[in-house]
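Asks: First the structure, which I've put down as C-alpha cells, then a few questions once you've had a look.
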Amino acid sequence: MQDVLKRFMFDHSCLLLLGFDPNSLSIEFPQVPYKQAFYDMEEVILQRHLKPQRFWKLQNWLQFGEERKMKNSSEIFDRLLYQCISRKKDLLNRSKTQMDREDFDFLTFMLVADNDQEEREMSAFKKSDKYARDMAFNLLSAGSEAVSSGLTWFLWLVATHPLVEKSILEEMKTNLNAKGDEKGRYFSFGEVSKLNYLQAAICESLRLYPPVPFEHTVSIDSDTLPSGHRIGKNTRVIYCPYSMGRMEEIWGADCLEFKPERWISNNGEIIHISPYKFIAFNAGPRTCIGKDLAMVEMKAVGAAVIWNYSLQVVEDHPILPAISIVLHMKHGLMVRAVKRCLS
C-alpha cells in the first residue's frame, strides 16, 4: 500500500506542480527514472546528516560513494525539471491569450505572477530557471513524500482501529448522503471539508507519526531559549516532532493512544491546537506553505480508500519506521484490500 500511495502522490504532485504526468502508477508499476532519482537524493541527504561534514564533502569533491549517486540522480531529475520549465516558457511565449484552466499549474503561476511592486522587482530572479527548479523540487518533496507518508500511517491506524473506521464511515454516510451501493466513489475537496471526524483522525495520526520526524535549525546569533538554555552563534538545535507527539507532559497520560476524539469539541467542531504543540506542519515563519492543501489531499484520498475498501493488514507483517528524512514504513504496508459492502 505504501508503494501505491508514493506512486500516486508522485504522479499527482508532478501534474499539479509541473503539468507533467510520469505515469508511475500505470498498471505495470514501471520503474520511472525520475522517481527513483528523487528517492536516491533523499537517501543521500539523510546520509549527509549522519556522516561527518568533512567526510561527505570529500566524497562530493572526489565524486565517489553516495555523493556520486547524488550527482547522477540530480542530473536525471534536473533534466526533467528544466525540460518542464522550458516547455512551459515556450507555451507562455506562444500564447497570446490567458492559458486554459487545464494547462494552468504551479509552474505557470511562478512564471507569470508579478501582480504587485515587490513581485515586479523580484520578477527577473523569480522567473529564472534555477529559482523555478529549486521551488519545484522543494514542493515536490513536501507534496509527494510527506503526504504519502502521512496517508500510509493513517490508513494503517484506521485498519487496526475498527471503531475509528466505523465512526469515519458513519460520518461520510451522514454528511455526504453517501449510499452503500455507490461503488468506486470518490469525494471532492468541498465534500471532505464537512468531515470533521476524518480530519481529527488524520491529525491524530500526524501527531503520532509526523512525516518529518525530526527537524533542525541553526542560530544566526547567540540567544536564550524559552527553557533558559543559552546557545551560541551557529549552534545547531535539533528537535523531534515524533518524540513531542508522544510526551505525557504535552499530550497527557493517554499520549500513546490513537484517539481522534481529543481533536473534537463537545459540539462536534475541530479543536484548533497551537502549532507549537502540534508541530507536524512546523510553526511560525516556518509553517508549511502547503499545509491546507496537504490536509485536504489526505482527507480526499483517505475518504475514497476507506469508503471503497476494507484494508486488512497481512498477519505478522512487521510495522517499523524506516530511518529516513521522511517517516516511511521500513517494510512497507502489506494489506488485503477487500471491496466494501455497505448497507
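Just so it is clear, glycine is given a Cβ too, placed from its N, Cα and C backbone atoms.
Curation does not apply to TrEMBL; its annotations are automatic.
Not my notes, these are from TrEMBL:
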type    : residues : note
BINDING : C288     : heme binding site
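Would you situate these features in the structure and describe their surroundings?
Replies: Contacts of C288 (heme binding site) defined by a Cβ separation under 8 A and a same-chain sequence distance of 6+ are given as A142, F281, N282, A294, in order along the sequence. DSSP assigns C288 (heme binding site) to coil in the three-state reduction, placing it in neither a helix nor a strand.
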